[in-house]
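The domain 'Beta-ketoacyl-[acyl-carrier-protein] synthase III N-terminal' annotation in TrEMBL covers 104-184. Feature annotation from TrEMBL assigns active site to Cys110, His257, Asn287. Residues or ranges marked as domain 'Beta-ketoacyl-[acyl-carrier-protein] synthase III C-terminal' in TrEMBL: 241-330. What TrEMBL lists as region 'ACP-binding' is 258-262.
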Amino acid sequence: MAAVLAGIGGFLPPRVVTNEDLSATLDTSDEWIRTRTGISERRVVSGGTSTGDLAVQAGARALRSAGVDAVDAVVVATTSPERLCPAVAPEVASRLGLGQVAAFDLTSACSGFLYGLAASAGLIASGAADTVLFIGAEAFTTLVNPQDRSTAPIFGDGAGAVVLRRGEPDEPGALGPFDLGSDGSLADLLAVPAGGSRQRSADGGLGHGAVPTEDWYLRMEGRPLYQQAVEHMTQSAQAVLKHADWSVADVDWFVGHQANVRIVRAVAEELELPEERVAVNIDRVGNTLSASVPLLLNDIAARGDLRPGDRVLLSAFGAGLSWGSTVLVWPDITAVAVN
Ligand code: UT7
């Protein structure tokens, strides 16, 4: 028994913010952003669009791709929830007409898609579900300080979704073994300090008045994160390849979390994977956290580069710190290009 990929879809909010747009208000340049990150433009939510709105659009596309209108469970990975409480997954299930199915959120920042795949596969393995709609959805730009040039250019919003069904381990689309890990001793390298219980319980009360504005925004130490990302994505990818009994030569596509094109290329170099087998779409979307890997899979499948039978290595790293990898043989499913 295995969890098998049966459908995929993605959604990006329509508002495009280019590097030139950012350079108008920030001390930065198109050249710096492109050469240091690989990003040219990103999509940004506006007008009250929420994480749930993005999730519903991507989820509907994944259901269409799978040719189903019912699932047993809905899981949403997000680090930019539309509310602190409750989880958005039940509302997404309801808005998609999926009824009173099992539904919950999980939070694992940029590795959210890998953790969510493993959790969804676990629902299937436990017998709790035969089919799962799993969505990575992020409106993370709402947590980024528009005045901070070290973070504002990097992130983008969007959602990517997959449908998983119960199947056999040797069929195309079966998720392989997983490698998952974390290092909470480095949690402060990427964090939003305010809004949670630590801040809300401070000073004997909610203490909102005492919270500096910048605490409501993301704080990130880019350089050490960069090193951690390369190290852990490489080690995790190697671990999962070993567990799956694949060699690097078996990998047709490396689909790594799009945090920085230099990170993805450095990992590929460590793995000795040639550049033409490394998938990249960060130039158009930036870092979309848990939506990054499914949006990239959808992109390369929709343009016909990723074909049925191709062997795919997925790997991601993010805040927490947390990381994860898995492998699969690409199944014969429909992917439609995202707007
Ligand atoms: O999603 C998973 C978690 N996140 C990550 O994995 C992010 C990992 N880190 C990175 O991708 C990179 O560290 C960044 C893209 C964030 C930064 O690139 P970098 O090459 O590490 O630059 P840096 O932070 O070392 O800064 C180099 C210089 C500094 O100037 P000085 O001190 O050398 O004079 C910065 O002040 O670039 C300056 N700088 C900028 N200049 C123009 C920083 N941001 C900008 C900017 N425009 N936007």
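Numbering starts at 1 and runs along the chain as it is shown here.
Any Cβ shown, glycine's included, is placed from N, Cα and C.
Non-local contacts of Asn287 (active site) by the CB criterion (under 8 A, 6+ apart in sequence, same chain) comprise Ile39, Cys110, Phe140, Ile154, Phe155, Gly156, His257, Gln258, Ala259, Asn260. Secondary structure from DSSP puts His257 (active site) in coil. Looking only at the domain 'Beta-ketoacyl-[acyl-carrier-protein] synthase III C-terminal' (241-330), the predicted model's pLDDT averages out at 98. Across the domain 'Beta-ketoacyl-[acyl-carrier-protein] synthase III C-terminal' (241-330), the DSSP tally of helix, strand and coil residues reads 39 helix, 22 strand, 29 coil. Neighbour count (other Cβ atoms within 10 Å of the Cβ, all protein chains): 32 for Cys110 (active site). Secondary structure of the domain 'Beta-ketoacyl-[acyl-carrier-protein] synthase III N-terminal' (104-184) per DSSP (helix as H, G, I; strand as E, B; remaining residues coil): 23 helix, 28 strand, 30 coil.
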